[in-house]
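Trainee: Sequence annotations record features per position, and here TrEMBL assigns signal peptide to 1-23. Under the heading region 'Disordered', TrEMBL lists 28-52. According to TrEMBL, the domain 'Tr-type G' annotation covers 66-247. The annotation GTP binding site is assigned in TrEMBL to 75-82, 140-144, 194-197.
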Amino acid sequence: MWAPMGRGRWHGCALTVWATAAAHRGILEPRPMPTRGAAAKSRSQDRLYSSADRKEKIDMSRFSVENIRNFSIIAHVDHGKSTLADRLLELTGTIDKTKNNKQVLDKLQVERERGITVKAQTASLFYNYEGKQYLLNLIDTPGHVDFSYEVSRSLSACQGVLLVVDANEGIQAQTVANFFLAFEAQLSVIPVINKIDLKNADPERVEKQIEKVFDIPTDECIKISAKLGTNVERVLQAVIERIPPPKVHRKNPLKALVFDSTFDQYRGVIANVALFDGVVSKGDKIVSAHTKKIYEVNEVGVLNPNEQPTHKLYAGQVGYLIAGMKDVTEAQIGDTLYLHKQPVEPLPGFKSAKPMVFAGMYPIDQSEYNNLKSAVEKLTINDSSVTVHRDSSLALGAGWRLGFLGLLHMEVFNQRLEQEYNASVILTTPTVPYKAVLSSAKLIKARRAVQKNMVYIDQNRVMLKYLFPLNEIVVDFYDSLKSLSSGYASFDYEDAGYQTAELVKMDILLNGNLVEELVTIVHKDKAHSVGKAICERLKDSLPRQLFEIAIQAAIGSKIIARETVKAYRKNVLAKCYGGDITRKMKLLKRQAEGKKKLRKIGNIEVPKDAFIKVLRTQPDNDGRRNRSNVTGI
């Protein structure tokens, strides 16, 4: 058995209960007339859910703890998690079965545009098995390494997982990483081999991989085609038989964990809560263990997967709670809520995510600073893995230094700002943290990539573990790896601490003026090649002017690379059809003096998209690149 890969420190509470509910015949009560706020929901989303769900309200007291199952779907990216979730929703009647059911739980615009899941979403399913009605609470999680914090938080709300593996691709990097997250949390693991309908599918080979790498017997694997719905019902039966119910106490005082939250401009903070003990209902007075403030509950309900108000929520269930929190700082992820005058011991909550990539963010116009600040605060409520610190730049003014889990995470965050809050920003170069010790240069020695392990999973697949600088992988290593391997290779990475290295600070100058946003730290041996590449790409990004632009990369006072953007040239000799050469020389001299003056007083504006574009690393000429601290398959 493989040892855990050091991801357990991201786990929050190991026994968070995730339990929402959906409408079902035979267990419903008459629903009152819908409120004006409910009528304002998106009609396009409402079409996905049955009419019974919107007309009737669930009696949550009828669900015993023994008939609740909380589970997540985990997998490598593009192994079919969201498709499987769609089929489970259809089989249980949570949504109507139509051809338009694609990525139903991926509600964000950025998720549908990119075709990936970036935010964990939940849905409650009702399933009749052997004469009993079960409440199955499903969490669809992201598969990309940059959103692993969403996965670790989701697993703390479950008692089991469905480990989905592509029958064609087999085990990949995030398959391994996510398995060990579940393994360390002591969750039940049900392996599901998906896409058996593909022409090149080889489920028997994948079964052997699962047994060798994860020590799970082959007879426990379930072979399905989520796209066609083949054998998907066996998955629901396995969830009931192999995953235990949550352990909660409904007679104890209220103890609820805030595991996620969003901000509504009319209703304030909408907190997603998991109830460990007790009951909460509209009108109750609750207290935040973090802020010690008292709130009155305005509304409670479940996610179905849209919001559906209920009278009460009971221990073992998960839903949403609105209590008049108007300040975005009042909803802390991991906070514990309890009834007024009935204090309880706060739950452990979640450990903070450790950022791997840092970037500066500034408004295009400083007059938009307050609006952008509000947008960043509201978005970080929904994405708590982003760290925010105030920063300022001489060139760009006031802004923030943001920490992300990866480059894709940074790009998605920027895209969500534009789509959800109509905010345009300038993002400066992504960087990684360094610890600098001022000492003699003779005491500093460079460290290169070190191979740590190599394991052959089968005759066609090998797992490599390397230790190398984080700066090598945070920009476009993943894209280059996919290109070089024709899409077959995958990778995962984790923090391995600091090590000494021979690093230098490289400045970028435009006509002798320092561009602070393009300052970067590079290894001394790669300074010339990186500086030359940045100058070349900056040359392609800057618009031509009426004067010449000198682009230079410098280490201290030493120029190590240079490119020149040629000036627009007007033919001042066009009107001279002959005559003395001295007249032509006089016109050329006057033109040169004018351009020299423009060069001194002219302003050079760097386009906002250039900050990321010019610093994207490229493979070397022979197609190779330095390795980094990753696990690759």
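A Cβ is built for glycine as well, from the same backbone N, Cα and C atoms used for every other residue.
Note: TrEMBL annotation is automatic and uncurated.
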Trainee: Write out the long-range same-chain contacts of Asp78 (GTP binding site), meaning residues 6 or more apart in sequence whose Cβ is under 8 Å from its Cβ.
Mentor: Ile116, Gly143, Asp166
Trainee: Within the domain 'Tr-type G' (66-247), what mean pLDDT does the predicted structure show?
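Mentor: Mean pLDDT, the domain 'Tr-type G' (66-247): 88.
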Trainee: Suppose we draw a 10 Å sphere around the Cβ of Thr141 (GTP binding site). How many other Cβ atoms does it contain, all chains included?
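Mentor: There are 27 such Cβ atoms around Thr141 (GTP binding site).
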Trainee: Say we define neighbours as other CB atoms within 10 Å of the CB. Which of the binding-site residues Ala75, Ile196 has the fewest?
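Mentor: Ile196, out of the binding-site residues Ala75, Ile196, has the fewest neighbouring Cβ atoms within 10 Å.
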Trainee: Can you name the residues of this chain that are 6 or more positions from Lys81 (GTP binding site) yet have a C-beta less than 8 Å from its C-beta?
Mentor: Ile73, Ile74, Ala75, Thr117, Asp140, Thr141, Gly143, Val164
